[in-house]
Structures are given as structure tokens and as C-alpha cells.
Amino acid sequence: MGPLIAPSILAADFARLTDEAAVVASADWLHVDVMDGHFVPNLTIGLPVVQSLLAASDIPMDCHLMIDNPDRWAPPYAEAGAYNVTFHAEATDNPVGVAHDIRTAGAKAGIGVKPGTPLNPYLDILPHFDTLLIMSVEPGFGGQAFIPEVLSKVRTVRKMVDAGELTILVEIDGGINADTIEQAAEAGVDCFVAGSAVYGAADPSAAVAALRRRAGAVSPHLRR
């Protein structure tokens, strides 16, 4: 498997979301940040907009729910047709139950952790998930600087995967660009969320291809 690139529409033009999805049709996933103004201070889009995007684009939808009460709100995104639905470990006392409901509704289940959240308390439940999303910025706003300290979490999980102890995709979100993607790939990331590095480029499609090449060139596990 090669590196997966997931452009984040948080950096796109919200007045032209259908067009903005189309210009990154070569991407592996389309990363959609859902924020409720409670779990994080920002407010973005919700289920109706995601449903419209799903109807307009064939790119697998990677929904990142930065919201309270994912127990209630996560399954409807799976039911709508999202490929992967990620909620935050910090937002629920029943992450395994939420993952089960997401999978039952037809999507892959992801669990996300903020930069300051220790990963160790969640290692035992990772077999219930398809994706681990490691935040490399504080969730809520795009354009922040990459926090390299989170790569220790990536390395921990990569060792487990390489040892055959776990099957999961490692995704990273925040501050990913042409330089930081190499650090993340070397640490063991599989999927890279990129906002400004894609939508801030003159040619977003070419930016996706360039990021994919850079990650694949330096990653031992992605070159296998």
C-alpha cells in the first residue's frame, strides 16, 4: 500500500465545496472536519453538507468528528455513506461501543487523540478500530504549526503493526506540508491529512501527487 493523501476541506473555499472536491479527485480520501463549537471552539459543517458532498463526489469521505456526544452523532455519518468516521477518544466514555455502531452502519471506525492526550490508555482498544488519527496540532483551526512530539505515538503504534500485534491505519492531521510529511512518513504514518498544502497550492491536484511522492520516498513501510 502506498501513502494515502486526504485533502482537508477546512482549507477549501466553503462557497464552492463541490468544485473544491473535484479538483482533488486524484486524492485517496477527502477529509471533512465536523466541528460543533463545543468540543472545539470552532464551528464548521454538519451532516446535511456532508450528505451533499457525498452525492457530488466519488472520493471516499473521511469524516473527522470534533464534537461532543459522538455516541449519538457519529453513526448517522456512516449511514449517510462516509467511508471512514473518526471521533475523539476524549469525547466519550464508550469508544468501543461507538466504533461498533459506526461499523454496523457501514463505515470504517476511527479514533482520534489530541496532541496532549496519552495514547497508552487506548492501546488495548485499538483492535476495535480501523484508523487511529493522531492530531499534530490542537484541533479546531487550520494553518497551525506541526507538533513533532506526537510522532512518538506514531512510532509506538507502527511497532505494534509491524510486529503483527495490530491491524490499523495510522493517520496524522495538522501542519502537514512538503517538509513535515517526510517526518511523519518516516515515523510510520499511512494516511496524511493536508489542508493548506493542497488547497493553498496553485494546482491542488499536483500538490496531492507531490505529497504522495515525498511520503513514499522516505517511508520504509510504505515502500514494501
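Heads up, the Cβ atoms here are built off N, Cα and C, so glycines get one too.
Because the structure is a prediction, the values reported are computed rather than measured.
In Swiss-Prot this protein carries:
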{"type": "BINDING", "residues": "S8, H64, G140, F141, G142, G143, D173, G174, G175, G195, S196", "note": "substrate binding site"}
{"type": "BINDING", "residues": "H31, D33, H64, D173", "note": "divalent metal cation binding site"}
{"type": "ACT_SITE", "residues": "D33", "note": "active site, proton acceptor"}
{"type": "ACT_SITE", "residues": "D173", "note": "active site, proton donor"}
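Annotation note: D33 (divalent metal cation binding site) sits in a strand segment as assigned by DSSP. Annotated pair S196 (substrate binding site) and H31 (divalent metal cation binding site), C-alpha to C-alpha distance, rounded: 13 Å. The distance from the Cα of D173 (substrate binding site) to the Cα of H64 (divalent metal cation binding site) comes to 10 Å. The most crowded of the binding-site residues listed here (S8, S196) is S8, judged by how many other CB atoms sit within 10 Å of its own CB.
Of all the Cβ atoms in the protein chains shown, 28 others lie within 10 Å of the Cβ of H64 (divalent metal cation binding site). Reported as a whole number, the C-alpha separation between G140 (substrate binding site) and D33 (divalent metal cation binding site) equals 9 Å.
Using a 10 angstroms CA-CA radius around H31 (divalent metal cation binding site), the binding-site residues that qualify from S8, G142, G175 are S8.
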